[in-house]
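Structure record follows, encoded as structure tokens.
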Amino acid sequence: MEFKVIAEYFDKLEKISSRLQLTALLADLLSKSDKAIIDKVVYIIQGKLWPDFLGYPELGIGEKFLIKAISIATNTDENSVENLYKSIGDLGEVARRLKSKQQSTGILGFLGTSSKESLKVDEVYSTLSKVALTTGEGSRDLKIRLLAGLLKKADPLEAKFLVRFVEGRLRVGIGDATVLDAMAIAFGGGQSASEIVERAYNLRADLGNIAKIIVEKGIEALKTLKPEVGIPIRPMLAERLSNPEEILKKVGGSALVDYKYDGERAQIHKKDDKIFIFSRRLENITSQYPDVVEYISKYTEGKEFIIEGEIVAVDPESGEMRSFQELMHRKRKSDIYEAIKEYPVNVFLFDLMYYEDVDYTTKPLEVRRKLLESIVKPNDYVKIAHHIQVNNIEDLKSFFYRAISEGGEGVMVKAIGKDAIYQAGARGWLWIKLKRDYQSEMADTVDLVVVGGFYGKGKRGGKISSLLMAAYNPKTDTFESVCKVASGFSDEQLDELQKKLMEIKRDIKHPRVNSKMEPDIWVEPVYVAEIIGAEITISPLHTCCQDVVEKDAGLSIRFPRFIRWRDDKSPEDATTTDEILEMYNKQPKKKIESPPIDESV
């Protein structure tokens, strides 16, 4: 299969703003792809060489070295490449222009013919894999030579998307949900197969692996798919409410209640003597927690399992829980073994999804928890999450206050009926989080995605000083604007923000972004931030839940304030539009709705 095919489709995808058109075009590309390398094609579409959970290195080519590779490939002076880049702001477009110029001025371009062999997807994939995996002395020069070799063979359009791929900036607007829908259309006979494909992906979060199974065994093979140790399961997510009485009613009157820990959620896989740890974002974080690997090996029973818990920093003297920030301090230390001494951790387990070749995601919580409790040996490091079974408001409140007093964020209230399965990749009312109220009318913080930026005035003139934030709509796989946040940033954070945003700047709005507001710059929906505000209000300026509460208006956050970046969350993990609507419906209503506030004022 020629790489040119992918490049031509990327060129078309980049110009589309409709998700339906995006999905249809992507389905067309998949159906025309070589089935033998369909997994590689899918990874390239995702802008990666392999799934994040494998923990393999990324390409590791910086701007400076890309400029050098383009210079070598196009026989152009490095300064000229750099000046053109400063003028255009897109290295991929720089490569395309220089390759076009090279072709038109060469003798082959004059004759209107070419003798070079076409660039194959396999060659691109294997060469870029070498670039990523090459280490040691002289590795930088080798990486540049390998990349320059590919760019020499590439035509202008191929060069454009090769460079963007290496930069990690494909800009074609494709999310995992769009790829899933396209796979259902291309290989499953239509959109009706989407649920089957999505379920498989939720159990094995590897789109390339799912695509390979479909083309080799057919869509029916996905119906019996089980979790596989080494491939993370997409985590089950909780809804949120701030009223204990309403929570208990939602889960059927009785529930299992766990502490909600202020730590890092971890999915732990074991097969024989191999142990893997995956983050909430399904990244391989095993190397960050050699102590946890040791604890799981020593204090759990079973040859093969997938379990879930929270890694929490604890005081080395008292054993009391420390905050999430302490865990972040540990991660920043270069000497991991020194970090283990300074910031020890405990693991609090709360679920079991797979054990000895049996899929437990379809079994009720009580069955899963009972088995989980039976495989943990008595010890001081790996424990079952603090929990209680409740059937009345008083016990729920009492346990909630106890959790807060012991350093927790609140509690997770979990349904215990026969239908209380593990809903991989889904957010539902089987789990509901109850967190302490903030000193604000909003009952909880929200996690929103940056989709644009606005330049400041006065001392902040010339700098991006406020952000257009969006909530995630999983039904449409889009990001709907919900507020413009300008407060809460330190000067240092603002300086860091300029670089962050310029790296993901776009010329036009991302096709997955739904916004009436026009920021000064559009960006890729990559970064997630935790935001607090005074209340959720109706606003004609924003598209979150457009026309749901009031015609021609959406929902917005009044007086939003930045709290922190949520690097542990992907854009699709952000607060959903339905959650924003739920929070709006649950907040105390005034007799007259406050008039919409323009956050830019």
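Glycine residues also receive a Cβ, built from the backbone N, Cα and C atoms like all the rest.
Per Swiss-Prot, the features are:
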type: ACT_SITE; residues: LYS260; note: active site, N6-AMP-lysine intermediate
type: BINDING; residues: ASP258, ARG265, ARG280, GLU310, PHE350, ARG427, LYS433; note: ATP binding site
type: REGION; residues: 568-601; note: region 'Disordered'
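Positions of the features from Swiss-Prot, shown on the structure.
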residue	record	DSSP class
ASP258	ATP binding site	strand
ARG265	ATP binding site	strand
ARG280	ATP binding site	coil
GLU310	ATP binding site	strand
PHE350	ATP binding site	strand
ARG427	ATP binding site	strand
LYS433	ATP binding site	strand
* **Alpha-carbon distance [LYS260 (active site, N6-AMP-lysine intermediate); PHE350 (ATP binding site)] in Å** => 10
* Asked: Counting all other Cβ atoms within 10 Å across every protein chain shown, which of the binding-site residues ASP258, GLU310 scores highest?
  -> ASP258
* Structure fact -> LYS433 (ATP binding site) and LYS260 (active site, N6-AMP-lysine intermediate), compared by Cα position, are separated in whole Å by 8
* Among the recorded positions LYS260, ARG265, ARG280, ARG427, LYS433, whose Cβ has the fewest other Cβ atoms within 10 Å? -> ARG265
* Cα distance (Å, whole number) from LYS260 (active site, N6-AMP-lysine intermediate) to GLU310 (ATP binding site) -> 9
* **Rounded inter-Cα distance in Å - the residue listed as 'active site, N6-AMP-lysine intermediate', ARG427 (ATP binding site)** => 16
* **Site extent for ATP (largest Cα pair distance over ASP258, ARG265, ARG280, GLU310, PHE350, ARG427, LYS433, Å)** => 18
